[in-house]
Amino acid sequence: MNIKQFFVPAGKPLSGLAVGLSIFLTALFLVNNLVYPINEHLLLKPDSLFKFDLNRISLYPLAHLSFFHLFFNVISTFSMIVMFEESHGTLYTGVILNLLAVFTAIPYCLIGSLLFPNVEIGGASGWFFSFLGYFAVKESRVRNSVMITSTFSFPTLYFPVALLFVTALLAPGSSLPGHAIGLLLGYFMGLKENWVAKITPPSFVLKKIETWVDPLINLIPFGIKYYREVEVDRSLEYTSVYLGSESRLPLHNTDTPAEPTFQGNGRVLGN
């Protein structure tokens, strides 16, 4: 697998939301530590749902508690957002990020009010697990397993679950319930993406919004791509993030050597 493709698809500029969000998260972290403790108004509390505190319910992914917390979340979510944004559009991806935050917060608050009423959470790692679950569903339809070593493979669909528990072991202070809820939402989004589309604004609304803010979109620097609604087609089939000869694996063993297959021009997700 070509890891570079996760960050900078060949011959393509960086995606606008992925870059902008990374910069914004960093700026908020600096403001919180140097200017004003903004995290006090962003961290999600289990009682936030019952107080109808919309700031905390939707904005808690923006709050980070340490530099390493910020660094690992920016690095892990960047590639996921790049891939999703390229195939779904910048504005639509922003809507999805907000929906994921809200629909993760609701069950977290319900569970947390009973089991851990005094625990606050923040950070974008829930987004990472949601997108990880989403891409695992899509990838599992192309590759049923991922090669870990030359002799050991792991089911593609359950790889995020393994990573969920590894993360809990390596970072015991992280929110396992929040990550698990985010992962379940990602699985749901991958399995029922047409259902998710029904709770997002219609395409014509997104196009209208982009028309209104077009002067601002045109200010985006060269080398950073804003994927407009008119440029994307969310009905296109998923393309594996694995490149070259690994892009498809057989689902069963065969005793006869496979005949050479035509190697067409591959494309990165969303092209």
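Cβ coordinates come from backbone N, Cα and C, glycine included.
Keep in mind that what you see is a predicted model, and the values were worked out from it rather than measured.
Under the heading transmembrane segment, Swiss-Prot lists 16-36 (among others). If one looks beyond the transmembrane segment (16-36) by at least 6 residues along the same chain, the residues whose Cβ comes under 8 Å of a Cβ in the stretch are 62-64, 67, 70, 73-74, 77-78, 81-82, 85, 90, 93-94, 97, 124, 220, 224-227.
The annotation transmembrane segment is assigned in Swiss-Prot to 64-84 (among others) on the grounds of sequence analysis. Sequence-remote contacts of a segment are chain residues at least 6 beyond its ends whose Cβ falls under 8 Å from one of its Cβ atoms, and for the transmembrane segment (64-84) they are 6-7, 9, 14-15, 17-18, 21-22, 25-26, 28-29, 32, 39, 93, 96-97, 122-125, 127-128, 131-132, 134-135, 241, 268-270.
Sequence annotations record features per position, and here Swiss-Prot assigns transmembrane segment to 89-111 (among others).
Residues annotated as transmembrane segment in Swiss-Prot: 115-137 (among others).
Feature annotation from Swiss-Prot assigns active site, nucleophile to SER125. Its Cβ taken as reference, SER125 (active site, nucleophile) is surrounded by 23 other Cβ atoms within 10 Å in the chains shown. Secondary structure from DSSP puts SER125 (active site, nucleophile) in a helix.
Annotated transmembrane segment per Swiss-Prot: 152-172 (among others), in sequence order, evidence recorded as sequence analysis. Residues 125, 129, 132-133, 136-137, 139-140, 143-146, 179-180, 183, 186 of the same chain, all 6+ positions outside the transmembrane segment (152-172), place their C-beta atoms under 8 angstroms from a C-beta of that stretch.
Per Swiss-Prot, transmembrane segment is recorded for 176-196 (among others). Under 8 Å from some Cβ of the transmembrane segment (176-196) lie the Cβ atoms of residues 96, 99-100, 103-104, 107-108, 111-112, 116, 121, 125-138, 160-161, 164, 167-168, all in the same chain and six or more residues away from its ends.
Other Cβ atoms within 10 Å of the Cβ of HIS179 (active site), summed over all protein chains shown, number 26. Annotated active site per Swiss-Prot: HIS179, in sequence order.
Annotated region 'Disordered' per Swiss-Prot: 252-271, in sequence order.
Separating the Cα atoms of SER125 (active site, nucleophile) and HIS179 (active site) is a whole-number distance of 7 Å. Nonlocal intrachain contacts for the transmembrane segment (115-137), taken as residues 6+ away from its ends with a CB within less than 8 angstroms of a stretch CB, comprise 25, 39, 42-47, 60-65, 69, 72-74, 76-77, 80-81, 83-84, 97, 100-101, 104, 108, 156-160, 163-164, 167, 174-175, 177-187, 189-191, 241.
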